[in-house]
Amino acid sequence: MKILLIGYGAMNQRVARLAEEKGHEIVGVIENTPKATTPYQQYQHIADVKDADVAIDFSNPNLLFPLLDEAFHLPLVVATTGEKEKLLNKLDELSKNMPVFFSANMSYGVHALTKILAAAVPLLDDFDIELTEAHHNKKVDAPSGTLEKLYDVIVSLKENVTPVYDRHELNEKRQPQDIGIHSIRGGTIVGEHEVLFAGTDETIQITHRAQSKDIFANGAIQAAERLVNKPNGFYTFDNL
């Protein structure tokens, strides 16, 4: 499989290493600013890469969105987070002409977490719910795309939900419909996501901890391996 990388930060550098270990080939890289240290052919436009089988994106909205407005037809794996609604609308439009896969978190364990959460929410309907995510001190967006995904699962199963991002400004007791959303940034934390169900005299915590960023890179590669054989359409872990 011949792979075009969109972005060449820490994540796509891991994708390159792991993909080559699996026998795949990196045929090019698209970056905001070309760098002499990048060990692959650099391009400005997706359509310029004639021999790619798939593109894997671990970048940012500033790089990705202009590329999505260009004319190209290439299976696309997208892991960029930020400006989610705009991104999903654009990917849905593109999926009419090419297979597109999107996940805010490329870990299959996180996908499993969403399924566990979907089963737990109806069972614990009268429990308060708090969501917490923790990442390294260089992560820019908050809350993480994964935490937003967990929140979306809850919203799909509960009515009149209210996200609460900054409780100290409210100066009032917690309301039953509140969903607390908390972000922690520090050190080299790879990624942690926790759902707390707090009831009367008991709590339940569901946690996913990433031990290495390789799980995200491998998840993207595995998605690409499946996507190249799919018809046009929008794919997630649910239907890939």
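Here the Cβ of each residue, glycine as well, is placed from N, Cα and C on the backbone.
Annotated active site, proton donor/acceptor per Swiss-Prot: HIS135, in sequence order, evidence recorded as sequence analysis. The active site, proton donor annotation in Swiss-Prot covers LYS139. Per Swiss-Prot, the feature NAD(+) binding site maps to ALA79, THR80, THR81, SER103, ALA104, ASN105, MET106. What Swiss-Prot lists as (S)-2,3,4,5-tetrahydrodipicolinate binding site is HIS136, GLY145, THR146.
Taking Cβ-Cβ distances under 8 Å and a sequence separation of 6 or more, the neighbours of SER103 (NAD(+) binding site) in its chain are ALA79, HIS111, GLY219, ALA223, THR236, PHE237. Between the C-alpha atoms of ALA104 (NAD(+) binding site) and THR146 ((S)-2,3,4,5-tetrahydrodipicolinate binding site), the distance comes to 5 Å.
In sequence order, THR81, ALA104, ASN105, GLU133, HIS135, LYS139, ASP141, SER144, LEU147, GLY191, HIS193 are the residues of the same chain, not among HIS136, GLY145, THR146, whose CB sits within 8 A of the CB centroid for the (S)-2,3,4,5-tetrahydrodipicolinate site.
Annotation: no recorded positions among THR80, HIS135, LYS139 have CA atoms within 10 angstroms of the CA of THR146 ((S)-2,3,4,5-tetrahydrodipicolinate binding site). Taking the C-alpha atom of GLY145 ((S)-2,3,4,5-tetrahydrodipicolinate binding site) as reference, the shortest distance to any of the recorded positions THR80, THR81, HIS135, LYS139 belongs to THR81. Close to the recorded NAD(+) site, the chain also has VAL78, PHE102, GLY145, THR146, PHE216: residues not among ALA79, THR80, THR81, SER103, ALA104, ASN105, MET106 whose Cβ is within 8 Å of the site's Cβ mean position. Of all the binding-site residues listed (ALA104, MET106), MET106 sits in the most crowded Cβ setting, with the most other Cβ atoms within 10 Å. Across the residues the record lists as binding NAD(+) (ALA79, THR80, THR81, SER103, ALA104, ASN105, MET106), the two Cα atoms farthest apart are 11 Å from each other. Taking CA atoms as the reference points, HIS136 ((S)-2,3,4,5-tetrahydrodipicolinate binding site) and ASN105 (NAD(+) binding site) are 15 Å apart. The active-site residues HIS135, LYS139 differ in how many other CB atoms lie within 10 Å of their CB, and the one with the most is HIS135. Separating the Cα atoms of THR81 (NAD(+) binding site) and HIS135 (active site, proton donor/acceptor) is a whole-number distance of 14 Å.
Sorting the binding-site residues THR81, ASN105 by the number of other Cβ atoms within 10 Å puts ASN105 first.
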